[in-house]
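Q: Dumping the structure here so I can ask a few things about it.
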């Protein structure tokens, strides 16, 4: 009996590294769409809830006629005419200023939970492989998305955001570790990481504008319901390509966390990710509030303001995934941190949404340079100085990102409330610029003594490859037959000793 064409195609593609890259890319896209879609929604939602609570209090204290008037005033406050917009902005300022800490904590909760879960997920992937944790991440993110759609209080939103952190940990660590184990050539790995980060960038790009427009014209639950439907499609794709029911334990003993964290080169690379992304983590909860205070921006503009940064990040993750290998990933990271600092210093100079285009685009370009360089550097450092098992190193990598998005919003709300948004941008901008010279340490990291004999050329970051790769068949990830391929690579290393 002849096999149907779609089944034959699926069987062939199931054994392809490229389709695995698509699965990881889609998983990161949905994770980051959910991550950013709430950025423009939460400040406006909390403000409207505050107004509604004030209206209810007034209703309880007055007669039915006064209650009707209070309801009319509440609706008018949400839909003021242009002539009253300046008065509306003045009335908003006190409420919005007090929201900084509340919004910052809500945004940070996801990163804090993810930070705590990452080491556990790294151990799980080292023990059981990447397929099952990646699928678990989809399930948890789907549940979190539904909870966002139907939550009507700050407490439930906080819980939903925290649950999202668990799902993000599984998706990010398992996805990046899977790519590092499949793409073993340094140049190919950099390209694959750049494409995967494109999915992340598209999620960041689409999330905030999509959330603000849907919230303004359709309703608060609508963006989350659309994301839940997309998450179901992602789960179906994972079931077709991967086999979450099968475990694939690694053959080599992974390097312990404490040993990885004692490596100064890994610490420098992780700190680059932390500090650069902390800048964006500080910008996300405070910029919409600052825009509402100083520019009287409508709801749809709060997400559109992040569009230049997202577009620039989308382009640069692909571009510098290739260019950083040629120009030196250490140099690309250093220049990226300097540009992040300069962009942050220029943000408070904007007087309208158009003035934010240049600084935000510069921040997006710079963050794309840093992320697309550091991600492959992490895998390279493990191959060069430790055991080539990637669950632990990408758990550390994701932890660095989470530190940025946990410490960033938490401190941003407090700093912006006490000394102002402008000083917040100056402080984090200068920190990025001052740290950037440490990237020089990543220029030519030395190999561990036991690795020296394995490598056949000088271990510089500009090397074309760091590991022998055969032209054998594609890895069959569904049956995890890559164990045989890895043992072949190990035997080749042994003969070169």
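Glycine is treated like the rest: Cβ placed from N, Cα and C.
Grabbed the feature section from TrEMBL, which reads as follows:
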type     : residues : note
DOMAIN   : 20-447   : domain 'Major facilitator superfamily (MFS) profile'
REGION   : 474-497  : region 'Disordered'
TRANSMEM : 20-42    : transmembrane segment
TRANSMEM : 134-157  : transmembrane segment
TRANSMEM : 163-183  : transmembrane segment
TRANSMEM : 195-218  : transmembrane segment
TRANSMEM : 265-283  : transmembrane segment
TRANSMEM : 303-323  : transmembrane segment
TRANSMEM : 330-350  : transmembrane segment
TRANSMEM : 362-381  : transmembrane segment
TRANSMEM : 393-415  : transmembrane segment
TRANSMEM : 421-442  : transmembrane segment
Q: Does the transmembrane segment (195-218) make contact with the transmembrane segment (20-42) through 3 or more Cβ pairs under 8 Å, each pair 6 or more apart in sequence?
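A: Answer yes: the transmembrane segment (195-218) meets the transmembrane segment (20-42) with 3 or more Cβ pairs below 8 Å.
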Q: Tell me if the transmembrane segment (393-415) touches the transmembrane segment (163-183). I count contact as 3 or more CB pairs below 8 A, with pairs 6 or more residues apart.
A: yes
Q: What stretch of 20-42, 265-283, 330-350, 362-381, 393-415 shows the most Cβ pairs under 8 Å to the transmembrane segment (421-442)?
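A: Looking at each of 20-42, 265-283, 330-350, 362-381, 393-415 in turn, the most contacts to the transmembrane segment (421-442) are made by 330-350.
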Q: Near the transmembrane segment (393-415), which same-chain residues lie under 8 Å Cβ to Cβ, leaving out any that are not at least 6 residues past its ends?
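A: Contacts with the transmembrane segment (393-415): 100-105, 107-108, 110-112, 114-115, 118-119, 121-122, 125, 165, 169, 172-173, 176-177, 180, 257, 260-261, 266, 270-271, 273-286, 374-375, 378-379, 381-382, 386, 423-424, 427-428.
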Q: Tally Cβ pairs under 8 Å between the transmembrane segment (330-350) and each listed stretch (20-42, 134-157, 265-283, 303-323, 362-381), then give the stretch with the top tally.
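A: Comparing 20-42, 134-157, 265-283, 303-323, 362-381: 362-381 has the most Cβ pairs near the transmembrane segment (330-350).
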Q: Residues sitting near the transmembrane segment (134-157): Cβ under 8 Å, six or more positions beyond its termini, same chain?
A: 23-24, 27, 30-31, 34, 38, 42, 46, 49, 102, 106, 163-164, 166-172, 174-175, 178, 221, 224-225, 227-228, 231-232, 234-235, 238-239, 242, 244
Q: Based on Cβ pairs under 8 Å, which of the stretches 265-283, 303-323, 362-381 lies most in contact with the transmembrane segment (20-42)?
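A: Top-ranked stretch among 265-283, 303-323, 362-381: 303-323.
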